[in-house]
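Annotated features, as they stand in Swiss-Prot:
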type	residues	note
BINDING	R53, G54, A55, R90, Q202, N253, K254	substrate binding site
SITE	C163	site 'Transition state stabilizer'
ACT_SITE	D243	active site, proton donor
Amino acid sequence: MKVDGIHRRTIWVDADGWSVGIIDQTALPFEFRTRRLTSLEEAAEAITTMAVRGAPLIGVTAAYGMALAMRADATDRAVEAAHDRLLATRPTAVNLRWGLARLREVLSVTPPADRVRRAYAEAAAIAEEDVEVCRAIGRHGMELIRGLHKRNPHRPVNLLTHCNAGWLATVDWGTATAPIYMAHDAGIPVHVWVDETRPRSQGAFLTAWELGHHGVPHTVVADNTGGHLMQHGLVDLAVVGTDRVTARGDVANKIGTYLKALAAHDTGVPFWVALPGSTIDWLLEDGVHGIPIETRGDEEVTEITGRTADGRIERVRIVADGSPVANYGFDVTPARLVTGFITERGLCAASQEGLAGLFPDQAERSARQRVANDA
């Protein structure tokens, strides 16, 4: 997408042919800053500290982390150690596991002398596939927005999104935002309500920043505003991304998504989830009890970053000293509250049957594996 009118991706191989460039998302929206990753540990740290974040981008970064690891040591033991180190960085995002499994499988049949080249090639392939997948998600989702506009052509289509499932969460385009960008570029008038998404404020810091750079009309709202907007007919469509979807359609996404889905269900607002097929965990059915929910540090809740009147970036405490804090990174929205899924293969119901209809090979393969695991 565009930054100051220049097309950018979120991750790339630098001109030296081996170091990996990223946008440091911890500096946004106050500073656009890039970073250079040169080792396995730097890639792992970028994921853990959320310099890169969003399930698809985490998967791509981890793949490049494996490639960086192979530069230092391409032995079988090093492959397993790099895989395990990166897998431990963010437990909720299934794309991380998927990308690492793909690299490990490729490297397991590649001679050590060729593993560096092969790892970079596979990581680049995953990145390019992500761009095409997000573009396809955008095309399918745009038709939902087009349909809403045809029903009421005299005003913009009002959308609500939570967290950041945008360009910054993928290599390009985004998942939840891809339909919005394509609709905007096609001349369909849209307006986006952007949840601030505490405690890390990915909506206020990231989604609003990227929408603004692309020229998409938007309004940032406090997290608890969505229900009020829906009650008063100010939201035509809620669309979010996801870090993991189970085989039966339960959705893990940034904390607060479940509450938005409840409000949408109560007010009759369509609630769609945009995702690539790689985000589906075909071996898991019950998301509420089966998806591991990441807990993060207290300081994300007790402190907040902002810019002072004289331009300084400061972090200040907002919670009374001594107050205990709980910081759950994600929640799970049951499939019954989700209108449907927007995927690279089209739209489907939020159900086991709906997902299996779009991804029959994966569904059949995982069903066989579950039977084998239960035997």
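Any Cβ shown, glycine's included, is placed from N, Cα and C.
Here the features listed in Swiss-Prot are painted onto the structure.
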residue : record                             : Cβ within 10 Å
R53     : substrate binding site             : 26
G54     : substrate binding site             : 30
A55     : substrate binding site             : 28
R90     : substrate binding site             : 22
C163    : site 'Transition state stabilizer' : 29
Q202    : substrate binding site             : 27
D243    : active site, proton donor          : 31
N253    : substrate binding site             : 27
K254    : substrate binding site             : 25
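Residues R53, G54, A55, R90, Q202, N253, K254, recorded as contacting substrate, have a largest CA-CA distance of 17 Å. Here C163 (site 'Transition state stabilizer') is positioned 6 angstrom away from K254 (substrate binding site), judged by their C-alpha atoms. In sequence order, I58, A93, C163, N164, A165, A169, G241, D243 are the same-chain residues whose CB sits within 8 A of the CB centroid of R53, G54, A55, R90, Q202, N253, K254, the residues recorded for substrate being left out.
In the three-state DSSP scheme, the residue listed as 'active site, proton donor' is classed as coil.
Across the structure, R90 (substrate binding site) and C163 (site 'Transition state stabilizer') place their CA atoms 17 angstrom apart.
A distance of 9 Å separates the Cα atom of N253 (substrate binding site) from that of C163 (site 'Transition state stabilizer').
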